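Peer 1: Mind looking over this structure? Questions follow.
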Amino acid sequence: MSPQTETKASVGFKAGVKDYKLTYYTPEYETKDTDILAAFRVTPQPGVPPEEAGAAVAAESSTGTWTTVWTDGLTSLDRYKGRCYGIEPVPGEDNQYIAYVAYPLDLFEEGSVTNMFTSIVGNVFGFKALRALRLEDLRIPTAYVKTFEGPPHGIQVERDKLNKYGRPLLGCTIKPKLGLSAKNYGRACYECLRGGLDFTKDDENVNSQPFMRWRDRFLFCAEAIYKAQAETGEIKGHYLNATAGTCEEMLKRAVFARELGVPIVMHDYLTGGFTANTSLSHYCRDNGLLLHIHRAMHAVIDRQKNHGMHFRVLAKALRMSGGDHIHSGTVVGKLEGEREITLGFVDLLRDDFIEKDRSRGIYFTQDWVSLPGVLPVASGGIHVWHMPALTEIFGDDSVLQFGGGTLGHPWGNAPGAVANRVALEACVQARNEGRDLATEGNEIIREATKWSPELAAACEVWKEIKFEFQAMDTLDTDKDKDKKR
């Protein structure tokens, strides 16, 4: 290269490494209505200032790289770069900060959760300058929300399809989750459905294994549904898990379910992936199928408080990608779920508009405009004694799913289903009469046992069962103040 050429090429470009905060930390920035806003919990490495750490997150999740490159001059960084516009310390933690980052909408493909996450929670999570990084919340602007179809049907359409109103829906996961033959599996479904449940469910890891191929399971479960419907006069369903190794196979299973005339299929959206989930959601919308979503693998992502991604973000992403139900924790059962935090993302699933409320972990006001809502599913270690609390916590627009709490009944599956249905109806009636489920719940259940021997037997079996472990997912508080209290 001649000296003249070298001089021209280097005009306005200075090679080397410079601090991220010089370009990407902009505390004076005023966010736009069209920006995607993110709240990251940042734990910098020793010696890294929080402003530099926050700016590094903004850079590495948008336009930046580790060094200055000459092609920066071929585009408008001010238009496309992410901006860290705020840093605040986390109460009670010595070296944790909440970094607020704004992303221009043009960085993201329309209608693609996959593309959104590839940028926002991509390589930046392995960045050496950070000891740990967690995405706590996202604000999805209405301009971006409108590029998604969202849930195939939504809460009201599902109730109309099922002709069931004024109470939570009842479900049961068939156990043992693996090992049953298709015929025995179908028989277990039938017993639960005729006993009074609305749904039975494939467990998340039931796909198409040697002991029970998917087509056989679909056929026997469809038979169980139609037989139970004929006997009870109620519409019934079974969550037929269409999750498969390829998108083509997944859709083939969904097509077969539609041909059988069943009302609902299921997908493991995290292990299956957002691209597959959105494709299945579009198919279900076009073909009148409800879509139940299981969150298997979520705890790998959201369990640690200082690294990963909070479930409220995964819940928002699911509402965008599409699903009519999603598991959301129970507050009272065996699986993770602190009450205020759980209710925060339950509202994010169901409501049209949710105000910022840090007391429930909600960092941003979220407007879903016309996107349909998702029913939260309470499942995991729950039984009849939990029914008053579950009814009070989750309200009518929910699915209460008892696996062992149905199938573990000493008299069998159908009596287990009867016990749960009676307990639910008793709680709903008591609530409608103005009684306080939180304080009178046990009394309400005991009164109902007088006219339901099935419920009485269930209450006796599970009277001592408790899951007394501290939740990992808790709200941030000042630890020194807590000790003084």
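Each Cβ is built from the backbone N, Cα and C atoms, and glycine gets one as well.
According to Swiss-Prot:
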ACT_SITE  Lys175  active site, proton acceptor
ACT_SITE  His294  active site, proton acceptor
BINDING   Asn123, Thr173, Lys177, Arg295, His327, Ser379  substrate binding site
MOD_RES   Pro3  N-acetylproline
MOD_RES   Lys201  N6-carboxylysine
SITE      Lys334  site 'Transition state stabilizer'
Peer 1: Quick one: Cα separation, His327 (substrate binding site) versus His294 (active site, proton acceptor), in Å?
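Peer 2: Cα to Cα, His327 (substrate binding site) and His294 (active site, proton acceptor) are separated by 6 Å.
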Peer 1: When DSSP is mapped onto helix/strand/coil, what comes out for the residue listed as 'N6-carboxylysine'?
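Peer 2: Where the residue listed as 'N6-carboxylysine' sits, the three-state DSSP reduction gives strand.
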Peer 1: At a 10 Å cut-off from the C-beta of His327 (substrate binding site), count the other C-beta atoms across all protein chains.
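Peer 2: So the number of other Cβ atoms within 10 Å of His327 (substrate binding site) is 21.
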Peer 1: Which three-state DSSP class does Lys175 (active site, proton acceptor) fall into?
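Peer 2: The three-state answer is coil.
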Peer 1: Around the C-beta of Lys175 (active site, proton acceptor), how many further C-beta atoms are within 10 angstroms, looking at every protein chain?
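Peer 2: There are 16 such Cβ atoms around Lys175 (active site, proton acceptor).
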Peer 1: Enumerate same-chain residues with a sequence separation of six or more from Asn123 (substrate binding site) and a Cβ-Cβ distance below 8 A; give 'none' if the list is empty.
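Peer 2: Listed in sequence order, they are Glu60.
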Peer 1: Compute the C-alpha separation of His294 (active site, proton acceptor) from Lys177 (substrate binding site), stating it in Å without decimals.
Peer 2: 14
Peer 1: Restricting to the chain of Lys177 (substrate binding site) and a gap of 6 or more, list residues whose Cβ falls under 8 Å of its Cβ, or answer none.
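Peer 2: In sequence order, Asp203, Asn205, Val206 meet the Cβ cut-off.
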Peer 1: Rounded to the nearest angstrom, how far is the Cα of Lys201 (N6-carboxylysine) from the Cα of Thr173 (substrate binding site)?
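Peer 2: That comes out at 5 Å between the alpha carbons.
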Peer 1: Using C-alpha atoms only, work out the spacing between Arg295 (substrate binding site) and Lys175 (active site, proton acceptor) and round it to an integer in Å.
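Peer 2: Per the Cα atoms, Arg295 (substrate binding site) and Lys175 (active site, proton acceptor) stand 18 Å apart.
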Peer 1: Which has the fewest other Cβ atoms within 10 Å: Lys201, His294, Arg295, the recorded positions listed?
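Peer 2: With the recorded positions Lys201, His294, Arg295, fewest surrounding Cβ atoms within 10 Å: Arg295.
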Peer 1: Should Arg295 (substrate binding site) be counted as helix, strand, or coil on the basis of DSSP?
Peer 2: coil
